[in-house]
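Novice: One structure follows; several queries about it will come next.
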Amino acid sequence: MSETTSTNEENKLPLNGRRAIPPNYSNDEENEVPEMEAFGVIPRGFNPRDYLRVVDIYMFKEPHEINKQEHHTDKYYNPKLIVRRGQAFQIQIDFNRPYKPESDQFWLEFLMGRYPQQNKGTYIPIVLGSVLKPGQWGAKLIHRENNSIRLSIMSSATCIIGKFRLYVAVLTPFGILRTRRNSTTDTYILFNPWCQLDAVYLDDEKEREEYVLNDVGIVFHGNVEDVKSRSWSYGQFEENVLDACLFLMDKAELELSGRGNPIKICRVASAVINSRDDNGVIAGSWNNTYDYGVAPSAWTGSVDILLEYYSSKQPVRYGQCWVFAGVFNTFLRCLGIPARLITNYSSAHDNNANLRMDFFLDDEGKVDTRLTKDSVWNYHCWNEAWMTRPDLPVGFGGWQVVDGTPQETSDGMYRCGPASVQAIKHGHVCFQFDAPFVYAEVNSDIFYTRMEKNGTQVVENIDTTRIGQLIVTKEVGGDGMVDITEEYKFREGSDEERLALETAVMYGVKKQSIQDTTYQPQTDVDMDFQAQKAVLGNDFKVTVTFRNKSRNSYTATTYFSGNIVFYTGVTKSEFKKHSFSAKLEPSSSTSFDILIKSSEYMRDLLEQASFHFFVTARINETGKILAVQKAVMLEIPTLLIKTKGGLVAGKQTSVIVEFTNPLKQTLENVTLRLEGPGVLRTVKKQFGRIPMNSTLTWEVKFTPMRPGLRKLIASLNSDALRHVYGELNVQIQKP
């Protein structure tokens, strides 16, 4: 006996006056569970073998067996049992002799973490019952044969998400006999969008297949006049990704007891996806230098990023908004929370959340970059996660905005959401979390303000329609685009829109009224601006058109400024300045062409080949100023992917990636990446240089594992050219 007391001393918890046990936020750590838990002094003749003993436990955990099939977890590349909460699963226990219900007593124990506790949901004892109650822990006998029994086990619809350890405990007169620690019986329990009692329940099967089970998606980028798309591999079922996602919750120090709540999980994940203030998954970089890392545009999916973080525990370099959103989407779908990636075109990054983006003009009507602090992103990607919101009034459940891109702090950390889309639409921005910030991203107005010499501000122009003019996501079951702008806002100028704005202002969104500033627009002259579709490396022209609706003749002094910008709307350099005088005849339209040469922009071009043009015109007769700004994207060449011969699961085959350099210069430091979830893990190859007009060919041999329709995604990255993608849908036949 003395031996047991001494080991108990060693296992005692460190003394802490504030809490009885230390915080429990690691799913990986374990406690020692005794195989024999004696009730007192054990008599000499006691032999555990005389009692019912567990010989083996069979978990039905193969992809083709009942559990993974019924729980929609057969795609996970993971040898252990994975089930969804609130739904029954089966296990078989083999004893050393036939089980006698009248005299034998045993129960199951599911444990999680280092300090399992029943009231925290981390220690779950389950005794056999006669019926299973929906959404509550329980077990019942469904089959008995020889020494084996088969059980159906129901998990709670609110239970914690993560990896549980399983023990079978048998009662003897002198103590409890337990099975040995056996990691092959570990059971992952995930969220269940198929279960009506689960907070993430989604009632449409096609939507569940898209938002939970689809492992590839589309990122829409470019700008509102020129929407571009590319594929992204979420890869939530790939090997080790589930463990990496659970590790993120450990890293975020989310108490195990809070992991059944999708609201909490989304909130902590939106912080840990970025590396600001918590050494999270991805380090952002928006300055076009990506030393010691991978350029954001080179990634083709989330798997490499998550697995690199899981093994190194250090932030992965580098990401921009679609990378944060892509990885976040993988995390959510992997755990079973329905999720989709959203793109908001002309997204306001408003530094003081006053629903007003200020662009300051100097005396001549040119934009003053020194004073202008707000920026309009060509596009910004975030995620929506589907869940009930019991913490808010009825009606605000459903899609919630969550954003892992570090933009502004929320409660002291770089995170955003979950914010109810419904609350944003109706202006109810008082409801947690971060609704005012998202409301401003889709609803701000652009004020063009001129600073007079004496310091007064004169508002020259207000653009109420540009911000958030198109919000999109991928369609269910296809690669097309769906416009979901109406889910975020009422139609511009409608009564409902005005009411939503008044509601938002009432709940504390700052909005300066136009009465605070002097503003008399020039109404009888319109100015518009069009750019010709252009391919990277070519010249193109832009056209400024004036429409004089009055009966007066006017002259307009016009300034044209061409800037190379980051997709966040921040200027890197002005590459074109042009001013001209325009004569505007009464009741007529006049157009002016400006040629943009490739030699003017190629040297400074940034990776998304994105320009920002500002045109300001002063009507000399009235002194009024017209202003228009537009983002223009160049067409970037694509990669060609071809397969050789038919593709059969389990047979080696090869794929060819081709690229022709269209630029008038040699490409240096070229890296190609190719991946396809469920087909091949990411492969990379570096090429020193590709001379102009020459074609690069790369052949990759691989063996596809699973039959079905899959997608191959490739990217090319180099010093002078980024954002080059290619993709191919492939049908893999059964052997």
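Positions of Cβ are set from backbone N, Cα and C atoms, glycine also.
The active site feature in TrEMBL is assigned to Cys321, His380, Asp403. Under the heading Ca(2+) binding site, TrEMBL lists Asn443, Asp445, Glu492, Glu497. Among the features that TrEMBL reports, domain 'Transglutaminase-like' is placed at 313-406. Marked as region 'Disordered' by TrEMBL: 1-26.
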Novice: Going by Cα-Cα distance, pick out whichever of the active-site residues Cys321, His380, Asp403 is nearest to Asn443 (Ca(2+) binding site).
Specialist: His380
Novice: Within 10 Å of Asp403 (active site) (Cα to Cα), which of the recorded positions Cys321, Asp445, Glu492, Glu497 do you find?
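Specialist: Matched recorded positions: Cys321, sequence order.
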Novice: Please work out the helix, strand and coil residue numbers for the domain 'Transglutaminase-like' (313-406) from the DSSP assignment.
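Specialist: Computed counts for the domain 'Transglutaminase-like' (313-406) are 15 helix, 41 strand, 38 coil.
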Novice: Applying the rule Cβ within 8 Å of the centroid of the Cβ atoms of Asn443, Asp445, Glu492, Glu497, what extra residues of the same chain belong around the Ca(2+) site?
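Specialist: Residues close to the Ca(2+) site, other than Asn443, Asp445, Glu492, Glu497: Thr464, Thr465, Ile467, Gly468, Lys489, Gly493, Leu501.
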Novice: The domain 'Transglutaminase-like' (313-406): mean pLDDT?
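Specialist: Summarising the domain 'Transglutaminase-like' (313-406) by its mean pLDDT gives 90.
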Novice: Just to verify: the residue among Cys321, Asp403, Asn443, Asp445, Glu492 with the fewest other Cβ atoms within 10 Å, which of the recorded positions is it?
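Specialist: Among the recorded positions Cys321, Asp403, Asn443, Asp445, Glu492, the sparsest Cβ neighbourhood within 10 Å belongs to Glu492.
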Novice: Could you give the Cα-Cα distance between His380 (active site) and Cys321 (active site), in whole Å?
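Specialist: Checking the Cα atoms of His380 (active site) and Cys321 (active site) gives a distance of 6 Å.
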Novice: So if I draw a 10 Å sphere around the Cβ of His380 (active site), how many other Cβ atoms end up inside it?
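Specialist: The answer is 28.
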